[in-house]
Amino acid sequence: MKHLALIGSTGSIGRQVLQVVRSIPDTFIIETLAAYGRNQEALISQIREFNPRVVAVREETTYKELRKLFPHIEILLGEEGLVSVATEPSVTMTIVASSGIDALPAVIAAIRQKKTIALANKESLVAAGELVTTLARENGVQILPIDSEHNALFQCLEGRDSSTIKKLLLTASGGPLRNKSKEELQKVSLQEVLRHPVWNMGPKITVDSSTLVNKGLEIIEAFWLFGLEAVEIEAVIHPQSLVHGMVEFCDGTILSVMNPPSMLFPIQHVLTFPERSPAIGPGFDFLSNRTLEFFPIDEDRFPSVHLAKRVLLEKGSMGCFFNGANEALVHRFLAGEISWHQIVPKLQALVDQHRVQSCLSLEEILSVDAEARARAQEC
């Protein structure tokens, strides 16, 4: 029996985590939940179904309402509540299904309490990869990736000699704008950006997918997650989104993980690891998926991946700054303050101006993040 903490329970990944939990009875217990969105009704339904020991929320109105409805459950508010959810003594696996850097203190606290980390929050590794992975090694904690690309790489790399690995390949659908010309990209609408051809995701990650910043973030995440200093990490466009990641070995062999474009597959793999359980949905059918296409990323139209590689080379505070500035720029786009085609040029200008510093502590990382967001609001 695995005892789970779930951060981000009402978001897209969180809801699918609970779908997997429902489908494999007598395997999991939901000990704690945290939901920092505004979907109060969904959270109430989850509490009634799973009866967690502890629940954490951000909104004070939600906090007060839950305390009235569930007097037998410990209801907590704010960042301290999030940390408590992640580190509850009965928990054996902390699932971080939320996006954004807000979950970072809880991730670090859970690692220090030696909880297995199931991670769908790429910002934790992009902004604080050195800190998070160092703490994980020191505490003997395993970080299991939920992101479909990193989960695919994890499965391909399991049990392999790192000296035999030549290249890691992440796949990208290309996002909702992949077929638009450079001229057309100058005038895309919010509706076009949010109309992803394959994945159903939240607005922030959908915008990141459209700029391919998401793939840049994933390259940085893969570097910290797998710790393969000398191994090349690349991304390729794969419109069908059936191959999620590939590992090329020194002898020319390539291993890949293939499944339909559903997050249920990597979520189930992580939750049941190191065991495997029957899939809760239909798997990959070669006869109905006979076309697999791969294309290089057009860096002229989508320069963000090249920018992310530069960020990775500089290390230090650069990843944190890159992540924070991008998130603020995306929110400005969603609010109608800037156009889509301004996001990456503004991000590149901010990165050019940032003076890299060492980021060893949580406090330093959060300070750089705040600086990045403030500067992105002003540019």
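Glycine too: its Cβ is placed from the backbone N, Cα and C atoms.
Sequence annotations record features per position, and here Swiss-Prot assigns NADPH binding site to THR10, GLY11, SER12, ILE13, ARG38, ASN39, ASN121, GLU123, GLY202. Swiss-Prot lists LYS122, SER148, GLU149, SER173, HIS196, SER209, ASN214, LYS215, GLU218 with the feature 1-deoxy-D-xylulose 5-phosphate binding site, giving sequence analysis as the kind of evidence. Residues annotated as Mn(2+) binding site in Swiss-Prot, with sequence analysis given as evidence: ASP147, GLU149, GLU218.
Recorded features from Swiss-Prot, shown on the structure.
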residue : record                                      : CB count, 10 Å
SER12   : NADPH binding site                          : 17
ARG38   : NADPH binding site                          : 14
ASN121  : NADPH binding site                          : 28
LYS122  : 1-deoxy-D-xylulose 5-phosphate binding site : 27
ASP147  : Mn(2+) binding site                         : 26
GLU149  : 1-deoxy-D-xylulose 5-phosphate binding site : 27
HIS196  : 1-deoxy-D-xylulose 5-phosphate binding site : 17
GLY202  : NADPH binding site                          : 15
ASN214  : 1-deoxy-D-xylulose 5-phosphate binding site : 26
GLU218  : 1-deoxy-D-xylulose 5-phosphate binding site : 30
Integer Å distance between the CA atoms belonging to GLY202 (NADPH binding site) and HIS196 (1-deoxy-D-xylulose 5-phosphate binding site): 10
Distance, ASP147 (Mn(2+) binding site) to ASN121 (NADPH binding site) (CA atoms, angstrom): 8
Candidate nearest ASP147 (Mn(2+) binding site) in space, where candidates are the binding-site residues SER12, ARG38, LYS122, GLY202 and distance is Cα-Cα: LYS122
Extra residues within 8 Å (Cβ to Cβ centroid of ASP147, GLU149, GLU218), Mn(2+): LYS122, PRO145, SER148, HIS150, ASN151, LEU170, LYS215, GLU221, ALA222, GLY245
Integer Å distance between the CA atoms belonging to SER12 (NADPH binding site) and ASN214 (1-deoxy-D-xylulose 5-phosphate binding site): 17
Integer Cα-Cα distance in angstrom, GLU218 (1-deoxy-D-xylulose 5-phosphate binding site) to GLY202 (NADPH binding site): 17
Rounded Cα separation (Å) that holds between SER12 (NADPH binding site) and GLU149 (1-deoxy-D-xylulose 5-phosphate binding site): 17
Candidate binding-site residues THR10, ARG38, GLY202, pick with smallest Cα gap to LYS122 (1-deoxy-D-xylulose 5-phosphate binding site): GLY202
Cα separation, GLU149 (1-deoxy-D-xylulose 5-phosphate binding site) to THR10 (NADPH binding site) (Å, whole number): 22
Between GLU149 (1-deoxy-D-xylulose 5-phosphate binding site) and ARG38 (NADPH binding site): CA-CA distance (Å): 29
Number of other Cβ atoms within 10 Å of the Cβ of THR10 (NADPH binding site) across all protein chains: 25
Cα-to-Cα gap, GLU149 (1-deoxy-D-xylulose 5-phosphate binding site) vs GLY202 (NADPH binding site), nearest whole Å: 18
